[in-house]
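> Before we start, here is the structure in question, set down as structure tokens.
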2 protein chains.
Amino acid sequence: MALLEAEAIPALSRLTPHLSTSYLSTSTIVTLCVFFTLLCACIVIGHLLEENRWANESITALVLGLCSGVVVLLVTKFHSTELLIFSENLFFLYLLPPIIFNAGFQVKKKQFFKNFTTILLFGVFGTVISFCTISVGAFLLIGKTGIVSLSIEDYLAIGAILSATDSVCTLQVLSQDETPLLYSIVFGEGVVNDATSIVLFNSVQTLDFSKLNAVTALKLLGTFLYLFFTSTALGIAVGLISAYIIKTLYFGRHSTDREVALMMLMAYLSYMVAELLDLSGILTIFFCGIVMSHYTWHNVTGSSRITTKHSFATISFIAETFIFLYVGMDALNIDKWKTSKASAGTSIALSSALLALVLIGRAAFVFPIANITNCIKTRGSTKIEFRSQFIIWWAGLMRGAVTIALTYNQFQKSNDTSSQECALMITSTIIVVLFSTLVFGSITKPLIEAVLLRHPKPPVSDSTNIPDDLRLLFLENEDPSDQGNNNQQFGRQSSLSLLIRYPTTTVHYFWRKFDDKFMRPVFGGRGFTRVVHGSSSGEVEEIS
Amino acid sequence: MALLEAEAIPALSRLTPHLSTSYLSTSTIVTLCVFFTLLCACIVIGHLLEENRWANESITALVLGLCSGVVVLLVTKFHSTELLIFSENLFFLYLLPPIIFNAGFQVKKKQFFKNFTTILLFGVFGTVISFCTISVGAFLLIGKTGIVSLSIEDYLAIGAILSATDSVCTLQVLSQDETPLLYSIVFGEGVVNDATSIVLFNSVQTLDFSKLNAVTALKLLGTFLYLFFTSTALGIAVGLISAYIIKTLYFGRHSTDREVALMMLMAYLSYMVAELLDLSGILTIFFCGIVMSHYTWHNVTGSSRITTKHSFATISFIAETFIFLYVGMDALNIDKWKTSKASAGTSIALSSALLALVLIGRAAFVFPIANITNCIKTRGSTKIEFRSQFIIWWAGLMRGAVTIALTYNQFQKSNDTSSQECALMITSTIIVVLFSTLVFGSITKPLIEAVLLRHPKPPVSDSTNIPDDLRLLFLENEDPSDQGNNNQQFGRQSSLSLLIRYPTTTVHYFWRKFDDKFMRPVFGGRGFTRVVHGSSSGEVEEIS
């Protein structure tokens, strides 16, 4: 927010008459007033339109942002648009971390880890395939046809930029209970995809492409794997530290405010430390969120649980709304449009080309990977039907704030000689983001209803084929006090064959054993810490 | 936070080696890491020291800030101290509003309004007396003795600056249940005092003192009254709008995240709108908090209630800790010390003079006003004993962040010629703040224990002398469904004499009637909105 002000000061000093001396600058206050009023309006209008099948919260915020952008343009008479400029720092420092942390904190861990392999395939390999397809496609479509001429780094950057999906819109439509597999794949892929494309983008910027060969490709892979594992490890470490601190310190004496403050601060700290060490803050804070919801969350009072659960969700919700509002306003940054000097034809051609690449790039990995997963899966487990594949494909067509932020990063800082083409790339990306969010976004709800609801039985269900007794044993039973009995039952049923047939479930079973024996006694977690006061079990809403 | 970064960038770019390209600047990340780590450390250490009779959270944060200031000085080899500079914008835009809002939101309204007259007397008239005493005293002690020579505006500003108390420390020691009258006076005075001194400060800066006469004094009074009433009205209006919106929109369909978001955003918006209209944002957001806890809070789901209650408290707690940390670091801003060029003797003399003025200025109104209140009060109601008067006097001796912020505002922007004397004023104020918080602060707990606990019976009790039947009727009965019965009982007892003898209680009674008849049906509130889902009464912790 504050970064915004600094930029908005010149624009707004023209907007308002001079007021008497005060310790705050008027322009800052005007900017904050405008944004807070718009956010309130977004929430109220979004709530009113919730039942509408064409609108959703993202679209509302985007349209409201566009409208207020028009108002600002009219008021300033097209002179000044600095209020409308998108700030990368604001986005990456303050808006993205709470969204990703909340995603990790609220994720249905059971589902997420059950489909972990599939999610990684889609999120990592899929994004890499999309990155390659779009990069090559951009080189051929845009470079060869002569719309713009860019360097090889720029084409690779476009690949990374346009691989960053924004599946918020689809997730608002999918139901976590009706289609759990589909939901967890779309959700998990969304998070891993964000991280992957940002890591790819950073790798592209770091590496030297003057001698493009197999070594560079291997280096890219090495960098990527290094970032992935170290970031995950850091997130898990910070999460465990928070669990340990709260468990140790607060034993016997709880303080809701301190607990909530410590969780918030440590989550944010994990992101900052990751960025400081040049790791992927997104992956770190995501896994920190998962670990916190598994251990730390169970070590605090009942009030703290409700407070953290809802306040993280609220902060994430505000950040999301703000981003869309901001993207909408940013689209009317006319200086950029003036600099590009492009005719309407060129703009449309370029945007269409990029949009086509997005469609192709996503199709190029969703359908192959889905079918490969289906082949690998044993007869017992669920296949991803074609209908689901279509929805997964569709879910990743929207482009959002990450795309905008990375585009500015790549094309704003280029040298002056190519500024015209860079401006054109920025405006085209903005068109792609607006078009995909507004058009694809508004079709999503009717489309998914059409694809899914014609078949009243959910097309994908993750647990129908696993024998009931095994499911009960491994997945449904969450009460650790019964664990001893389960082991005995498990032994009695001589289910070695089951273990071989359901590897994911087996891993989950051994993880649970390890968790109960080594992790929970140290870090707390469900069933291990007896909350001393301020908590009654009735008060607590469960995060499953 | 973000304002901080911009300042910290030059300082920290020297601190850290150059890292590879990233979308975030390393210095920003380092600054954020440092502050978040320190905040976590403050919380943990503060928790461990809670039982200690000499320490409290403010002192911990202040000492930790001083220590890290020393570390920064050593690391940068005394070259750069920009990390340590206090930012007014950061303070007034992001740190103060949540603290004041939370104060209004969590205040025991019954107690607060019962003692409203006394609180206003102490908070408004007391602060004005303190302002006059300190201004005249500063003119005589500092001006006439020739330590520094300042303009008449500067002396008046010093009066306003040193009248802003910081009673956080005392409130951590006093118990709201054992000494309700004392607690509500100290608490209420603290809030009203902040607002009054800021309003006085602004009036001093705005008015023309070249012709100082009765008209100027009247203008000052007029400005003050205008600001007081309009700010309060604005706060109440925004609070009522939020209650109305949530009651109307969410009837039948609740969404915890949206409710919490709307409450947070509208609270902050009230502060910003007040600042935009040049009113007192502090008073506005305080009354907005009171209205929100009376109406809005009862219109939301049970989870929203717990979430808002604790998340507002947490944010306020983090902001408070951050301020003390920041004040501690700011004290080691050596550039200021170098500019002042003062000998240790001059500094100590000036600081001692200011400290003496603080002690005298506070004594000049606490004891007279307390005795006047005692005389006015009817035989039936409680008197403020001398012991309590002493505690009220002591509670207001600490000076905090408001003092620092206003000092910078007054003395940083002065012209270059007098910069040496201005720097001296700033460093002396910092010494006063550090000394009062560390020394007075650490004595507070033992002192209050000594004064109060020798007498196991609470020395002040607000309800012992009011006849039990009346107390029950007007104050204890919070269930509006019984209101009808009360009216009848009230009539039956022919208690017109009671009404005359207990005016405050009477006002409260008529307010309750008005509230039940006109306000609650429109704006909701306890007993009038039936929460539809997601709430069971067992879940909710009450704000009384």
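Glycine residues also receive a Cβ, built from the backbone N, Cα and C atoms like all the rest.
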> Any idea which of B:181-204, B:253-276 is down as transmembrane segment in TrEMBL?
B:181-204
> When each of B:29-49, B:181-204, B:348-370 is checked against the transmembrane segment (B:61-78) for Cβ pairs under 8 Å, which one has the most?
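Against the transmembrane segment (B:61-78), the leading stretch is B:29-49.
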> The transmembrane segment (B:348-370): which same-chain residues, six or more beyond its ends, come within Cβ distance under 8 Å?
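That would be 121-122, 125-127, 129-131, 133-134, 137-138, 141-142, 147-148, 158-159, 162-163, 165, 342, 384, 388-389, 392-393, 396-397, 399, 424-425, 428-429, 431-432, 435-436.
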> Which sequence positions outside the transmembrane segment (B:423-444), separated from its termini by at least 6 residues, show Cβ-Cβ distances below 8 Å to it?
54-56, 58-59, 62-63, 148, 150, 154, 158, 161-162, 166, 169-170, 173, 324, 327-328, 330-331, 336-337, 339-342, 346-347, 350-351, 354-355, 358, 394, 397-400, 403-404, 407-408, 411-412
> Residue list, the transmembrane segment (B:90-107) vs rest of chain: Cβ under 8 Å, 6 or more residues beyond ends.
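Distant Cβ neighbours of the transmembrane segment (B:90-107) are 1, 3-4, 187-188, 190-191, 194, 267-268, 271, 281-282, 285-290, 292-293, 297, 308-309, 312-313, 315-316, 319-320, 322-323, 326, 401-402, 405, 543.
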